[in-house]
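Features as listed in TrEMBL:
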DOMAIN    9-120  domain 'PGG'
DOMAIN    186-269  domain 'PGG'
TRANSMEM  63-85  transmembrane segment
TRANSMEM  97-115  transmembrane segment
TRANSMEM  127-149  transmembrane segment
TRANSMEM  193-210  transmembrane segment
TRANSMEM  240-260  transmembrane segment
Amino acid sequence: MITLKSELKDLEKRRKFLVLIAVLAASSTYQAGINPPGGFWTDNQDSHRAGHPSFHNEFPQRYMVFFYLNSTAFMASLAVIMLLVSRRLCRKRMNGYLLRGCALLDLFSLMGAFAAGSCRKVSTSVYAILVVAVVFAYVMIQVLVLTFAKDKVSHFFEWVFHATSFKTPHPPKSYKRSNIVNRKPERKWRKDLILIGTLAVSLMYQAGLLPPGGLWPDDRDGHLTGDPVLRDTDPTRYKVFFYCNATAFMASLVIVILLLNSTISKYKRSLLAMKTC
């Protein structure tokens, strides 16, 4: 009974978090579905029709991957919103697992849609996926390091905090009281990470599918319809933008996924590792 109450209380706390993720994801995927990467054909030449996605003709397999994953993310977002509309449904234990499952499906589909829609080469798609593994491994390694070196790290930070606040370090009189005080910044860190991570996922997703500089409207001068203009006019600047944007998107997505896991996100050392990302 106590376990059920704690789970329902935890789910109620995550309700706003799930609403924020679902609304921003639904907005981003809806826009991406209506305006797919690569733009549209403007004429009826060479076996294509005006108004059809150029990405579908230039890279049919990649377009189908993007279309189905983007559609899955959109529908999963709507499912989360519909489940959260009714508090009765939200409070049921089975729907708690269903909510988390839909949210994870939404985020992983976003990941795949971004890798397929923002890239034109297999190597760049592989890079985008590898960033996820690197960021996840980085966070887990930091958590493990902070776990094994918990005493030394905590004493070091206590000394730093006392030094910066011009207070002399002294042993705490009540360990329980210090734990209660330390929970407040942890909750604030978690809220900040949720807000920043979710907003970054939404913005970087749109920027990756519709890069700055626009897209080529035709197949002239050695470029393909729908290719980024900036990649041909200033390739170095485009590469810097692409890799930084892809890294920020995937890192934010990993942080949001980890925050969905209450076992990981409730520890201060886990939040500290995620803040460094």
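Glycine residues also receive a Cβ, built from the backbone N, Cα and C atoms like all the rest.
Remember, TrEMBL labels are computer predictions, not curated facts.
Owing to the predicted nature of the structure, the values given are computational and were not obtained by experimental measurement.
The average pLDDT for the domain 'PGG' (9-120) in the predicted structure is 82. Broken down with DSSP, the domain 'PGG' (186-269) shows 61 helix, 2 strand, 21 coil. Across the range of the domain 'PGG' (9-120), the DSSP-based residue counts are 86 helix, 2 strand, 24 coil.
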